[in-house]
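To start, the structure itself, in C-alpha cells.
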2 protein chains.
Amino acid sequence: MNNQQSVAEAFIKYQTEKIRQYKADPSVPSFQLNNAEMELAQALQRKAKIQPTGGTRTSSNVILKVPKGTRDFHPAQMRLRSEVLNKITNIFKLHGAHQIDTPVFELKEILTGKYGDDSKLIYDLKDQGGEILSLRYDLTVPFARYVAMNKISSIKRYQIAKVYRRDNPAIARGRYREFYQCDFDVAGQYESMIPDAEIVKLLDEILSCLDIGKYVIKINHRKILDGIFQVAGVDPELFRGVSSSIDKLDKSPWEEVAAELETLRGLNKKQIGTIAMFVQISGSLSKVLNILMTNYEIMACSLAKEGIDDMMLLINYVKALGIPDSRVLFDLSLARGLDYYTGVIYEAIVESTTESEAIAVGSIAGGGRYDNLVGMFDANNRKVPCVGISIGVERIFSLLEQRKDSSLKPYDVEVYVASAQKDMVGHRLRLASLLWDAKLKAELSYKPNPKLLQQLQYCEETNIPWVIVIGQDEVARKVVKLRNVQSRAEVEVSESDIVSELKQRLAGAVLPSAVNN
Amino acid sequence: MNNQQSVAEAFIKYQTEKIRQYKADPSVPSFQLNNAEMELAQALQRKAKIQPTGGTRTSSNVILKVPKGTRDFHPAQMRLRSEVLNKITNIFKLHGAHQIDTPVFELKEILTGKYGDDSKLIYDLKDQGGEILSLRYDLTVPFARYVAMNKISSIKRYQIAKVYRRDNPAIARGRYREFYQCDFDVAGQYESMIPDAEIVKLLDEILSCLDIGKYVIKINHRKILDGIFQVAGVDPELFRGVSSSIDKLDKSPWEEVAAELETLRGLNKKQIGTIAMFVQISGSLSKVLNILMTNYEIMACSLAKEGIDDMMLLINYVKALGIPDSRVLFDLSLARGLDYYTGVIYEAIVESTTESEAIAVGSIAGGGRYDNLVGMFDANNRKVPCVGISIGVERIFSLLEQRKDSSLKPYDVEVYVASAQKDMVGHRLRLASLLWDAKLKAELSYKPNPKLLQQLQYCEETNIPWVIVIGQDEVARKVVKLRNVQSRAEVEVSESDIVSELKQRLAGAVLPSAVNN
C-alpha cells in the first residue's frame, strides 16, 4: 500500500466512525449527517482512483499506445494550450497579421533541398499511387510556396499549426515528433530594417505576456557571421557547414565545436583561432557593434559591413520601440541551423529558475530573414524577401505545466439540473433545454433516476457553482430550488425567472473555483 | 481586353482628365486635387491586379501546387472558418464537453478493421524504420483508443481536427482529402436514451445558429434496420453488407440499390420486396413509430423491438427538449456506412435553396451510438458505450462561401501610424510601440520614407478606420494629427492622450467597414 492509499484509508475509517456517532445521537441535525455521508462517498471514490497504470494490450493483441514522440492532450492540458495560443494569436493580430492555413502535407519535391542535413528527419507518406507526399517539417517552406504560388508580393501572415520531425524525442525537454509552431512572417520588398525590428518587439511582447520568467532575445546577422569566416580565411563553400558546427555552441563546449571544425570541416588552427575570438563576443547591441566597428579587418570586409549597417539601423529601431537593453543580446555565436537565412537571425532563450527547469528550458523561439526562399519557387526567380519568427510553444507548455498547479480543473459548467425524485427525466430535459437556449452552460445526469446525493456530489467535485433541484412538488408549482453548491444555501425561484436569476448570480457571484484556488 | 479591364481603363482616362482640369484651375482647393490623385492611384493599382492566373513551375522545374484534394486557406477564408468553428465550439461547451486532442497519425493496427470497405482510403506513412503509421481517417476511432488507453469510464468530449481520406475529391461539393471534423461524443454506461436525445438537441442548436437555411435531422436505429432484414429473412451475416447498399439510397434510385442487393448481396426478389416496403417509410418520429408498432412481424422480432423501445424513449425526450417535429425525420432508409454503429444513427441534411447549391449541399453531419468500439481496444474487453456526432464543416464552409459576399475583408487593424515627412522612422516606431503596448491593433509602413498619399491610400483600401499622422512640427510639440480615414477629418491630440482618445473613438464609433457592408 502506498502513502496516498494509507492516507485515504485512515480518512475513511475516521469518517465512518463519525457517521456512526451522528446516527446514534438524535441531537445531530439531518443535514450534518447528510454532509458527512457525502464526504465519505467522495473519499471512497478518490480511493478507487488511486491505482497504478501501465502499458497494455487490447483484446485483439494490438499494443495500445500513441506513436513514438507524440501525445494525447487531456482536457486540462487543452485548456492551458488554448490559453497560450490565444495570447500569442492576440499579439499577432495586434500587429495586423492575417491568418492562413496550408495542408499538413506537401509534394515531397517542394520540401527537397530546403533543410540541409535535417532533411532525413522528414516524414514521408507511402506511395499509394498518385503524388509523392511528405508531412510538413516547418511552416516556413509551405509559406514560401504559398507566397510564390499565389503570386503575392507582400503579406504579413501568421499560422499556428503542427509540424512533424522524426527526431529523437526528449519529452522532458518538450521535444516531440509532432508539435505546434506559431509563425509570424513579413514578406515583401522593403529596403529598411523596420519589419526586422518589429519582430523583436513582437517577440518581446509575447514572451513577457506568457509569464514564463526571465528571457533574453539573442540576435546575430548571417552576413556578419559569414564576414567573420571570410576574415578567418575560410573557403566560402564551407560557410554553411562551419555555421552548422557553430550552431552547436548552445549545447556543446567550445573544445568540441573546435574539434569538429578541424576534423569535419577541415579548418586549420589559425582559422579556428580567429573564429574562436569572435564567437566569444556577446553583449548589448551597442557594445558588440562598437567592438566590431573598431576591428579593421571586419570593417574592410564588405559582407560584414553590410551586416553591420543593418545592425546599426536595428539598434536605433529597437531603441525607438522601447525594448529594454537587458532583454536583447547581440551574440556572435548564434548561427541557427537552417540554410535559408540571409540576414538578421533571432533566438529566444528562457532562463531557468530551478534545477529541474534547467533541463526543460532553452530555446523557445527562432527565426530570421530569408530573402531567397520564395524565389526558389518562382518560375522567373522573382524574389520576395521575408523575415519571420517561429514560436516553439511545446516547450512553453512543458514549462507552464511544471510550474502550474496540476489540479487545474477543466470544467466550467455553470448550472446542473438535478431531480430529488424518480421519473423526472422529461422535466430535467425541459429545464436543461431552457438553459441551453439561453446560452447557459448546463449539464444533467444521464441516468433515468439518479440519486440526489450523487448529483450534488458531482457538482462539488467538478466545481459547478449552481444546481437547480426539482421534484414533483416544484414541477406542479412551476418553481425550482436554486442551490449554491458551495454554501449549500437554497432559494425557491419560479421557472420563468430562473434564466435571468442565474445570469445575475453568475455575473455577480464569486465562483467556488475562484475561492478555492 | 476583358470587361473588367476596359472599365478600369475608362475610369483612369476620366480621372486623369479631371486632375488635369483641377491643376489648371487655381480656384480648386489643394485637398480636392489630393483626393482626386489618390483615387487615380487606387484605380491604377486595381487595374494592375486584373490578371489571369494559372498553373506554373518553379525555377527548379518543380510543379507549384498543393497535393490533390487539399487547399490553402486564405485570410478571408480563415476568418469565415474561425467564425464557424467558434460557434460550434461554444455550443459544445454549453453542453459541458471537454476538449481533447490526439496525434494526426496512429499506429496502423489501431485503425485496421474499423472502417470496412473504406479502409482502402486510409493514408499510410512510409516505413522509414520504427513504427508503421497511418493518418487518422476520422476522430471516432482515435477517441475510442483514447478512452481505452486512459481507462476512462465516462467522458463527454469534443475534438475539432483535420482527418484524411484518399477519396475522389469533389471540390464543388466541399469534398476534400484533408478536411475538418467537429466531433462531440458521450462515453459511459447509461441505461437510458438521455445522451442520445441530447445529441439531437445539440445538432439542432448548431445547425440553427450557423445560418445555413432549412435543414432536417434524420434519425434511424440500427436494431430496427437489422430487425427489418431479419423479418425479410436475410442471413444475419449479410446484415452489414445489405446496410451498406441501403446507405446509397441518398445518392442512387431504388432500382440501382435493388439490383445491387440482388447481384452483390445475393438477396431474392421476395426479400428485396420486403426491404423495399420498409425503407420507403419516413416521417415524424410518432408517425413512423405508429407504423412500426402496428406491424405484427416487426413487433414479434425482439431485435426490432429493442430499437423501438429506444425510439419510444427518444420521442419523449426530443419533445421535452422542445425540438420542433418539422426538423426531425425518422427515416427507415438511413443506414450510415460505417460498421461500428449499434443503436440510434443520425444524419443532418441541408435543403438546397438554389440549383447551384443543390450540388454543394447534402449530408453535413452524421453519427450514432457505438457501444462496442472501446471494448475492441481493451485487454479485458471492458465495454464503454458511446454515442456521438461528427459535423462535416467543410460543406458548411463551401455553402457559406457561396452565399456570402466574397469581398469580405480580412483586416481589422484599428490605427495606422503615418508620417508626412522624411526621416521619421524612429518616431513612427515609438508611436506604434505605444499603441501595441496599449493593445491597440496598429500598423505602419515598412518603407523608411513612405509618401503620405500611399499611406492614406493603404488605410482606405484595407478599411483601417484611424490614422495618426506626424511630421517634425508635431513631434516637436508632442502632438499627433488624428485622422478619420472615411470622413478625412483631422483633429490634433497630444501624444499623452492618444491612447485614451483612440480607445474612446473605437468604442463609440461606427467603423467604415460597418458602414460599407
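Heads up, the Cβ atoms here are built off N, Cα and C, so glycines get one too.
Given the structure is predicted, the values throughout are model-derived calculations rather than measurements.
According to TrEMBL, the domain 'Aminoacyl-transfer RNA synthetases class-II family profile' annotation covers A:39-410.
Residues or ranges marked as L-histidine binding site in TrEMBL: A:Asp138, A:Leu139, A:Thr140, A:Arg165, A:Gln181, A:Asp185, A:Arg336, A:Tyr340, A:Tyr341. A:Asp138 (L-histidine binding site): 18 other CB atoms within 10 A of its CB, across all protein chains.
Comparing Cβ neighbour counts within 10 Å across the binding-site residues A:Thr140, A:Gln181, the minimum falls on A:Gln181. Remark: A:Arg336 (L-histidine binding site) has A:Ser243, A:Asp247, A:Ile345, A:Glu347, A:Gly366, A:Gly368 as non-local neighbours, by Cβ distance under 8 Å and separation of at least 6 in sequence. Under the DSSP three-state reduction, A:Tyr341 (L-histidine binding site) is assigned to coil, being neither helix nor strand.
The record assigns A:Asp138, A:Leu139, A:Thr140, A:Arg165, A:Gln181, A:Asp185, A:Arg336, A:Tyr340, A:Tyr341 to the L-histidine binding site, and the maximum Cα to Cα distance across that set is 21 Å. Summed and averaged per residue, pLDDT over the domain 'Aminoacyl-transfer RNA synthetases class-II family profile' (A:39-410) gives 89.
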